[in-house]
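Peer 1: There's a structure below that I have some questions on.
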Amino acid sequence: MANRPRAIPNLLITGTPGVGKSSISKKLSERTNFTWREVSKLAEEHNCLDEYDPEYQCPFLNEDKLLDIMEGMMAKGGNIVDYHGCDFFPERWFDGVFVIRTNNTTLYDRLTARGYQGKKLEDNVQCEIFETLLEEAQSSYKPEIVQELQNDTEAQLQSNVDTIVEWIERWKEDNL
Ligand code: ADP
Ligand code: MN
């Protein structure tokens, strides 16, 4: 497919479950005319979830089917893609990749409040400690488009949204 330039960027908001991807994406979509694409919801709506994985207590994602569905959405830019994985998307989709981070104890409390327990809780907290998503993002995208954002407090939530809004404005100026 031709690599046509976009007039407005596509963003990927990634990170361990519970770090605040959806909170940031929602606020960002309210501050901009960008469309929030919550990938888990898209996968559900378009029947891209296969049978349940008993070990991880979540359904398997049919990635190829999901990518086919998303391809058309991504063409014109203006998307905020929100997902706890990032290595299976086409690299060309994204102009900015934001890896949301949260300290371990805060994340533990958020996931417990969400009803996570046992292996699922431990695996997700370890995923954050081991910086799994940061490494995944850095190995899947050019390092200069990957940015980490710490998201422990409400004040940081606001400033992270501001940072991304400013990033969008700068991208538009640089890509006129
Ligand atoms: P994700 O989409 O990454 O799984 P959510 O946006 O659903 O994360 O956030 C998980 C929980 O943490 C929610 O209850 C949300 O209100 C809370 N939360 C998210 N970001 C912050 C923050 N910066 N400060 C305090 N609470 C937050
Ligand atoms: Mn979410």
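Cβ from N, Cα, C; glycine included.
A TrEMBL annotation is a machine prediction, not a hand-curated record.
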Peer 1: Among Arg114, Arg170, indicate the single residue that TrEMBL lists for the ATP site containing Gly18, Gly20, Lys21, Ser22, Ser23.
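Peer 2: ATP site check in TrEMBL: besides Gly18, Gly20, Lys21, Ser22, Ser23, the record includes Arg114 out of Arg114, Arg170.
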Peer 1: For the record in TrEMBL, which of the ranges 38-61, 62-85 is the region 'NMPbind' one?
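Peer 2: Per TrEMBL, the stretch marked region 'NMPbind' is 38-61.
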Peer 1: From 113-123, 135-145, 146-156, which range did TrEMBL mark with region 'LID'?
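Peer 2: In TrEMBL, residues 113-123 carry the label region 'LID'.
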Peer 1: Non-local Cβ contacts of Lys21 (ATP binding site) (under 8 Å, 6 or more apart, same chain)?
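Peer 2: In sequence order, Ile13, Thr14, Gly15, Asp82, Tyr83, His84, Ile100 meet the Cβ cut-off.
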Peer 1: Taking the Cβ of Gly20 (ATP binding site) as the centre, how many other Cβ atoms fall within a 10 Å radius?
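Peer 2: Here the count is 23.
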Peer 1: Under 6 Å from ligand 2 by Cβ, which binding-site residues from Gly18, Gly20, Lys21, Ser22, Arg114?
Peer 2: Lys21, Ser22
Peer 1: For Ser22 (ATP binding site), which residues of its chain lie six or more apart in sequence with Cβ-Cβ distance below 8 Å?
Peer 2: Glu38, Asp82
